[in-house]
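Asks: A single structure is presented below for examination.
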Amino acid sequence: MHAVPKATAAANARRNFVSMRSKGKQREQYSDDPEEEETLLGRDARGGDGDGEAEAMMEGLGEGSKSGKDDKSRTIPFRPPDKLKKSFPPNTVRNQKYNIFTFVPIVLYEQFKFFFNLYFLLVALSQFVPALKIGFIFTYVAPLAFVLCVTMGKEAYDDYKRNLRDREANSQKYLILTRPDHGAAAAARDDDDPESSALGDVDAGPHTRMVPSSALRVGDLVVLEKNQRVPADMVLLRTSDSSGTCFIRTDQLDGETDWKLRVAVPASQKLPSDRDLLSLDAEIYADAPIKDINVFVGTFTINHPPHSNDLSHENVLWSNTVLAAGQAIGFVIYTGSETRAVMNTSHPETKVGLLDIEINRLAKILCAVTFALSLLLVALNGFRGLWYIYVFRFLILFSSIIPISLRVNLDMGKTLYAHQIMNDDEIPGTIVRTSTLPEELGRLEYLLSDKTGTLTQNEMEMKKLHMGTMSYGFDSMDEVAHQLAHGSLATGAQLATRGRRDMTTRLHDVVLSLALCHNVTPVFGDDGAITYQASSPDEVAIVKWTESVGLTLVARDRTSIELQTPSGARIAFDILDVFPFTSESKRMGIVVRDTSSGEISFLQKGADVVMAKIVQRNDWLEEETGNMAREGLRTLVVARKRVSAAQYEAFRAAHHAASIRLEGRNEAMAQAVLEHLEHDLELLGLTGVEDKLQDDVKATLELLRNAGIKIWMLTGDKIETARCIAISTKLVARNQYIHEVAKLKTADQARDELEFLQSKLDCCLVIDGDSLQLCLDLYKNEFIEITTKLSAVVACRCSPTQKADVARLIRHHTKKRVCCIGDGGNDVSMIQAADVGVGIVGKEGKQASLAADFSVTQFSYLTKLLMWHGRNSYRRSAKLAQFVIHRGLIISVMQAVFSAIFYFAPIALYQGWLLMGYATLYTMAPVFSLVLDRDVNEDLALLYPELYKELTKGRALSYKTFFEWVMVSLYQGAAIMIMSLVLFETEFLNIVSISFTALIINELIMVALEITTWHVYMVISEVATLAIYMISMAFLPEYFDLDFVISTRFAWKVAVMVAISALPLWIIKIVRSRLAPAASSKLL
C-alpha cells in the first residue's frame, strides 16, 4: 500500500507550494532544480503515520480552503474523497435577489427608505388613533396600499423570472466519467483506498452518467460535446483531436467572438483511452481563484511513474465558454462562486432614477413646511389645551402638501413611457426591462460603449491589397482571381532564373504567402461545407479572401498545410516552425517547406510599426498604411524571405539552445529568430481588412456628441484594432490627435502621461488595461478628473470588472448620469454598474440584453431612445410632478387660511368625498394628460440634438422651478380662500361650494396653461372632468346647496374668484414667452 507515503508527499507538496508562494516566489521556480521538483512532487521517501489519503489531502488543503481568508489554492487528486469535494462551493448559478423569507422585509425596506413613502405610512397609521382621525381612513390607506401592492407584485414577478432562468441553467445535464458502483461496500472500500480501483475493476461496468450542472464538484471528470457550454472551470485533459487541441468560443467571457485554441495536458492526452483517466494516479495543483481570465498557474502531476506538466490558461476551459468543435474531457478545479465567470460578474443593485431622488428631496422640504405651518398655527393660538394633539391634527390636515397621488401618477407615467418605447415602429424589438428609469434617458452625459458587436458587426472583410506599384480595391478583386487562374503558381526556384519579376508573379507570391502565413484550421461540417477556425477574425477574413480568388486552404494540422489551386491541383507544405502573434511582438511568422521542391520560406505578417524595421527599404509602406488607417481599415504588412537548408539548420540550433535555457528563455528565443530570420525580408504587400460597422454608427455617434454626451469606448480588444474602429466610427474627429498610453509600469510614467493630458484636453486618449489599472490604483481622482474632460476615451484590453469600475468612478466623481451599452456576457457588470444599462441583442447571445434596463436590437436606436423618448419622459415627468405638488399645496394653503380665520381650529375645510374626489375624479385625468405633452415634434428633436443638451442641466425640475410653483400655490390658495370669505355667504356650506368650485375650475385652467401642444385626449379629459364635476354636485347635497349652485350669484362669484387667481398667471406666461422664449419655441 502506497497510500500513506503518497498522502504525506501530497501534504508536503501542498505546504511547500504555500510557503514558496508566500515568500513571493513564482511557481516556475520548480523547474530550476529537477531534484527538488522530484522530491516535492511525489518521490519524497520520508514515512508518515497519516490516516490515509483523504485525511492527508484535507490536512494539506484544509487551512487554505476552509479559512478562505489566506489561501484558496488547492491540490486535488484524481477521484478525490467526498469530504474534500464538499469543502468547495457548490456549482450553482443564483441571480435571484430574494428568497421566501427575505422578500417582504427587503421590498418594504427598499420602499420605506424613501422619506416620501415613510411619511405616507405614518399619516395612514395615525388615522387609527381616534384623537387624530380626520375624514375617511380609506382616503389615507388605499393609495399607499395600491402603490405597495403594485411594487411588490412587479418585484415578485421579476424575481420569479430570474428563478426560472437560474433553474434552467442549474439543471443543464452533463456527462461525467465515473467508476462503476459495486454497492456501498465497494464504494466505501474505494474511498478508503483509491489504489484498489485498478484497470480491471474499471472495465467491470459503465463509465459515464448524466448529472445536472449544479451537482458537479471539484475533481469530477466532465465529458463535453460540440456546442456545449462549459459548466465550471476545468483543466483540459483530453480532446477528440489527436493533436490534443480544441477550439472554444469565449464571447460570454471576454466579448470576443473569435475562437480560442486550447491545449490538452500532454501526459493525459497520450493515454490509450478515456477510461484510463479513471485509474490514473495523479493530482492537479491549482492556484487560488482570481478574476484574471488570462492567467492561471497550476501543475499536473503523475505520481507513479513521477512526471509533471506545468499548466497555464491555455490548458484551462473557463466556465461559460462553449466548446466549438469535437469532444473534450475536463477535470473540474473551480466551481460556483470561485469560477472566473462569476468572479467577473457584479451583483445588480436596485436602480433609482435621479428624478425620484430629486422629488424625495423636495418632499423633505415640503414636510418641513408642513411641520412649520402646523406649529405656527398652534403658536398663534397660544399653545392652548392639548396643543401637541392639535399639532398632529394640523400635520394630517396639511398632509396633502405631500400628495401620495404623486407616486401613483409618476408610476403610471413611467408605465406609459415604457409602452410608447416598446410600441415605436422605428425602433422595433426594443424592450424596457426596468420601467422605473425612462426619465433617466433624458439626462445622460456619458456613454460607455463596448466595441465588438456594439459599434461593429464583428464581420471582417478584406477590402484592399496594395503592392507598392499596384493596388487592388474591393471592386477589382475579380482581377486578382483572373490573374491567378491564367498564370501558374511558380515556385521561387523557377523565378530566380528570371530578371525583374512581372506583376502577375508578384501577385501570385503575395496571395500564396497570405494563404500560408496564418493560424487558421479548416473544419468540414456534416454537409461537407468548410468553416475556418482561428483565434483572430482578421486571419479568417484573409483566408476567405484567398479562397475567393482561387487559392483554397483544404487541410491543416500542426505539421503540414495543404492548398488547392484554381485549376484544382493540390500543393502541400511542411510547417517547420510557427511564431504566434502576441500583443508585444505585433507580428506572426511561419517557416514552411514546399514538399515538391524542398524550398524553405520564412513568411511573416504584422503591424506596420514593427514590420517597417524588418523589411527591405521601400518608399511607399508608411504612406499607404497611413492612408488605409484613415479609411478605418486594419492593416497587415506581408513579407517573405527564402531560407537555405544551411541557414535553417543554423537557426534551429540557436533556437533550440535558447529554448532550454532556464533564465531569460523567451528573450533568447526571440533574439534567435531576430538574428537568423527577421531581417531583410522582401516586402510583398499590404492588406486592408474592414471590420463592418453596425448600421448608422457614424451618424449616431455624431448626433450623440452634438447632444453634449461624452463617449468612451471600453473594449477587450487590442489597441491597434480599437484605434482603427475609433477612426472609422468617427469617434475621433478628422485630424484630431490620438494619444496612446500603453505598458505603463511606474508611478512616474503615469504621472508624466497625466500631466501631458492635462495640457492637451482636445485629444483622444487610447489606453490599455494595465496602464488604466495603474492610473486607477495610484492617481484615481486625478485620472478621472482629467479624462472626463476629454472628448473621447478608448480603453483597450479591459476586463469586465475594469469596465464596471470605470462606470462607477465616472458616476461617483462627476455626479452625472452614465449610460453603458454592450452586447456580450462580459458587458453585464458594466451595464449593471451604470445609471442606465442598454443591452444589444447580438451574436454574442442575450446575456447583456437580459441584464440591461433597456434592450435594443442595434446601436443606432439610441438616438430615438434618448433624443425623443428620453427627452419627452424627463420633461413630462418633471412637469407632472410639480403640478401634482402644486395641486396638493394649493388646497393646504386654503386649509391654513381657513383655520387661521376660524380661531386656529384644526377642523377640515373639505371632508370625505370632496377630499377624495379632488385628487382623483375631479383633477386626475387632466393632470395626468400632461404626460402626452410635447414641445417639439419628433423630426425637430432628432434634427437639433442641442435641445437634449439643455435638459442635462436639470432645469426642468430644480429648486428654482419648485419655489416658483410654491409661490403660485400660495397666491392662488390665498386668493380663492380670501375671496370666498370676502364674498361671504350666511351659510358655511356656501363657502365650501364656492371655494371648491373655483378651485376645480382654477386647476383645469392651470393644466391648459401648462400644455404646449394639445392632444385630443387632453381636450376630452378637460371637458369630461368639468362635466363630471357639475353632474356630481346634484348627488352631493351635504356639500352643495342646489338652489344656490344654479343661481347667477354663484356663477359670477366663482367667475370673479377664478379670474383673480388665474388671470395674472396667464399674463405672466405671455410676457415671459415674449421676453425669454424657450429654446424649443424658437424652432417652431
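The backbone N, Cα and C atoms fix where each Cβ goes, and this holds for glycine too.
According to TrEMBL, the record shows the following:
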- Asp450, Thr452, Asp823, Asp827: Mg(2+) binding site (BINDING)
- 84-135: domain 'P-type ATPase N-terminal' (DOMAIN)
- 207-340: domain 'P-type ATPase A' (DOMAIN)
- 850-1077: domain 'P-type ATPase C-terminal' (DOMAIN)
- 1-84: region 'Disordered' (REGION)
- 185-207: region 'Disordered' (REGION)
- 100-122: transmembrane segment (TRANSMEM)
- 134-153: transmembrane segment (TRANSMEM)
- 362-380: transmembrane segment (TRANSMEM)
- 386-406: transmembrane segment (TRANSMEM)
- 884-904: transmembrane segment (TRANSMEM)
- 910-932: transmembrane segment (TRANSMEM)
- 962-982: transmembrane segment (TRANSMEM)
- 988-1009: transmembrane segment (TRANSMEM)
- 1016-1035: transmembrane segment (TRANSMEM)
- 1050-1068: transmembrane segment (TRANSMEM)
Asks: Would the transmembrane segment (100-122) count as touching the transmembrane segment (962-982), i.e. at least 3 C-beta pairs under 8 angstroms with sequence separation of 6+?
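Replies: Contact criterion not met.
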Asks: Taking 100-122, 134-153, 386-406, 1050-1068 as candidates, which has the most Cβ pairs under 8 Å with the transmembrane segment (910-932)?
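Replies: Stretch with maximum Cβ contacts: 134-153.
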Asks: Mind checking which residues of the chain, 6+ beyond the ends of the transmembrane segment (100-122), have their Cβ under 8 Å from one of its Cβ atoms?
Replies: 140, 143-144, 147-148, 151-152, 155-156, 159, 350, 356, 359-360, 363-364, 367, 399, 402, 404, 406-407
Asks: In terms of Cβ proximity under 8 Å, which residues at least six beyond the ends of the transmembrane segment (1016-1035) contact it?
Replies: 917, 921-923, 925-926, 928-929, 932-933, 993, 997, 1000-1001, 1004, 1007-1008, 1042, 1045
Asks: Between Asp450, Asp823, Asp827, which of the binding-site residues has the fewest other CB atoms within 10 angstroms in the structure shown?
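Replies: Taking Asp450, Asp823, Asp827 as the binding-site residues, the minimal 10 Å Cβ count falls on Asp450.
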Asks: By a simple count, how many Cβ atoms lie within 10 Å of the Cβ of Thr452 (Mg(2+) binding site), its own Cβ left out?
Replies: 30
Asks: Give residue numbers and ranges for long-range contacts of the transmembrane segment (362-380): same chain, 6 or more residues beyond its ends, CB-CB under 8 A.
Replies: 115-116, 119, 387, 390-392, 394-395, 398-399, 401-402, 885, 889, 892, 896, 899-900, 904, 906, 962
Asks: Do any residues, 6 or more residues outside the transmembrane segment (988-1009), come within under 8 Å Cβ-to-Cβ of it, and if so which ones?
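Replies: Contacts of the transmembrane segment (988-1009) (Cβ under 8 Å, skipping residues fewer than 6 from its ends): 883, 886-887, 890-891, 894, 909-910, 914, 918, 922-923, 926-927, 929-930, 972, 976-977, 979-981, 1018, 1022, 1025-1026, 1029, 1033, 1039-1041, 1044-1045, 1050, 1053-1054, 1057-1058, 1061-1062, 1065-1066, 1069.
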Asks: In the same chain, who gets a Cβ under 8 Å from the transmembrane segment (386-406) while lying at least 6 residues past its ends?
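Replies: Same-chain residues near the transmembrane segment (386-406) but 6 or more away: 116, 119-120, 123, 126-127, 131-132, 134, 140, 143-144, 147, 359, 363, 366-367, 369-371, 373-375, 377-378, 881, 884-885, 887-889, 891-892, 895-896, 899, 906, 908, 915, 919-920, 924.
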